[in-house]
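Below is one structure; the comments refer to it alone.
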Amino acid sequence: MNILVINCGSSSLKYQLIDMKEETVLAKGLVERIGIEGSRIKHDTTGKERVTIEEPMKDHKRALELVLNAILDKNYGAISSLDEIAAIGHRILHGGEDFVQPALITNEVIEAIRKNIVLAPLHNPAGLMGIEACRDLMPDTPMVVVFDTAFHQTMPAENYIYPIPYEYYEKYKIRRYGFHGTSHKYVSLRAAEILNKDIKNLNIVTCHLGNGSSIAAVKGGKCIDTSMGLTPLEGLPMGTRSGDIDPAIIPFIMDKEGITTSAEINDFLNKKSGVLGISGISSDFRDLEDAAEAGNERAKLALNIFCNGVRKYVAAYAAQMGSIDVLVFTAGIGENSSYVRERSCKGLECLGLIIDHELNDVRGKEAILSKNIVGPTIMVIPTNEELMIARDTLDIVNNR
Ligand code: AMP
């Protein structure tokens with residue numbers, strides 16, 4: 001049974017066709033510049049040469065049409081008929097409080113996603129465009145939506161209500177939602193699988209460290225707390241996002257710099273802050289590590305602030321869960337940067353988290369980084385959000 005996974009941005013579309021029998025990727029690709037000049041698809045069918053298809057794509061529907069043509073192409077395609085696609089899984093950023101798990105797409109579900117646009121004005125509309133395009137082109141194929149927020153809906157109220165007047169939660173649903181849920185779910189399940197333990201008996205802290213970074217406390221397979229909040233701006237300092245700061249800094253800077261609009265504030269907090277803002281060099285951790293090695297003090301400072309943030313959240317979440325059995329690193333930085341992993345774990349020896357310098361010299365593959373036989377295990381697990389979406393899709397379709 002093949003599942004097509006679709007992840008739409010405002011001008012992009014990522015896709016993967018996965019054969020669920022062996023969970024193998026048959027084809028995958030990326031469409032860029034939808035609705036802009038220079039639209040193109042980079043398409044890879046497993047075992048065949050990559051092709052780049054350059055053609056105007058005025059909207060997501062046209063992009064998807066060309067993606068389906070690519071998947072069906074005699075020379076570089078992966079299947080011979082659309083009937084071989086059993087279901088489609090869509091990633092949507094924000095499910096608000098309406099979705100605690102993936103859902104079969106119906107008109108009511110689409111309405112609920114639309115209602116939550118207010119919480120994700122840039123992302124949910126793009127996801128909806130992908131859903132509409134698939135409905136037009138493959139009306140009889142069942143579709144499932146998987147939300148980035150759903151995994152975190154198990155948090156208790158004391159971890160998602162903000163200490164501001166309660167009426168704002170009631171009026172506007174201002175609360176912690178958390179993001180990267182599909183990734184936190186995948187790596188926590190995979191950690192239990194690798195360790196051959198029942199996830200119900202494990203306290204796991206998952207660190208998704210990439211361009212956007214978040215940490216989650218996963219107790220017995222359920223998320224009880226996470227670092228991102230109402231939006232993906234809260235929590236760790238990130239590539240260009242500030243993460244946690246004193247909220248009073250915002251009116252202070254507005255007064256000093258004569259800033260009057262929320263758009264300008266959003267711009268500086270989301271695009272000019274984080275490790276880019278601190279270092280003045282780059283948002284990319286490879287550049288920062290190179291600069292720090294060459295003696296750049298602000299690059300060192302940015303890396304230290306980031307690693308301090310990771311350490312604080314790990315310790316706080318271990319305390320919230322009462323203990324920690326597994327610490328997982330994933331995503332671009334978590335999977336690749338031995339520097340960040342080692343520095344973040346400094347001080348966590350007090351919780352029994354002892355990273356081994358040699359075992360930590362690993363990049364982009366599943367590995368155990370701790371040697372101790374008793375006490376918690378530190379791991380790297382490359383995330384696989386597409387596979388998690390495909391599994392969830394299959395699950396929902398099979399249990400309709
Ligand atoms: P992601 O958002 O998960 O794709 O992560 C992207 C980020 O991972 C990049 O911006 C880099 O900061 C980081 N990254 C990727 N490769 C490495 C590496 N070898 N060493 C350090 N950081 C890396």
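These residue numbers are counts, starting from 1, taken along the chain as shown.
Positions of Cβ are set from backbone N, Cα and C atoms, glycine also.
Small disclaimer: the values here were computed from a predicted structure and weren't measured.
Some features that TrEMBL has for this protein:
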BINDING   ASN7, GLU385  Mg(2+) binding site
BINDING   LYS14, HIS208, LEU209, GLY210, ASN211, GLY212, ASP284, PHE285, ARG286, GLY332, ILE333, GLY334, GLU335, ASN336  ATP binding site
BINDING   ARG91  substrate binding site
SITE      HIS180  site 'Transition state stabilizer'
SITE      ARG241  site 'Transition state stabilizer'
Recorded positions near ASN7 (Mg(2+) binding site), in sequence order, restricted to LYS14, ARG91, ARG241, ASP284, ARG286, ILE333 and a 10 Å Cα cut-off: LYS14, ARG91
HIS180 (site 'Transition state stabilizer') in three-state DSSP notation: coil
Cβ-based isolation winner (fewest other Cβ atoms within 10 Å) among the recorded positions LYS14, ARG91, HIS180: LYS14
Binding-site residues listed as ASN7, ASN211, least Cβ neighbours within 10 Å: ASN211
Cα-to-Cα gap, LEU209 (ATP binding site) vs the residue listed as 'substrate binding site', nearest whole Å: 19
Binding-site residues compared (ASP284, GLU335, GLU385) - the one with the fewest other Cβ atoms within 10 Å: ASP284
Cβ-Cβ neighbours of ILE333 (ATP binding site) (radius 10 Å): 26
Sequence-ordered recorded positions from LYS14, ARG241, ASP284 with Cβ under 6 Å of an atom of ligand 1: ASP284
Other CB atoms within 10 A, centred on ARG286 (ATP binding site): 12
Nearest of the binding-site residues (LYS14, ARG91, ASN211, ILE333) to GLU385 (Mg(2+) binding site) - Cα to Cα: ARG91
ARG241 (site 'Transition state stabilizer') CB neighbourhood, other CB atoms within 10 A: 26
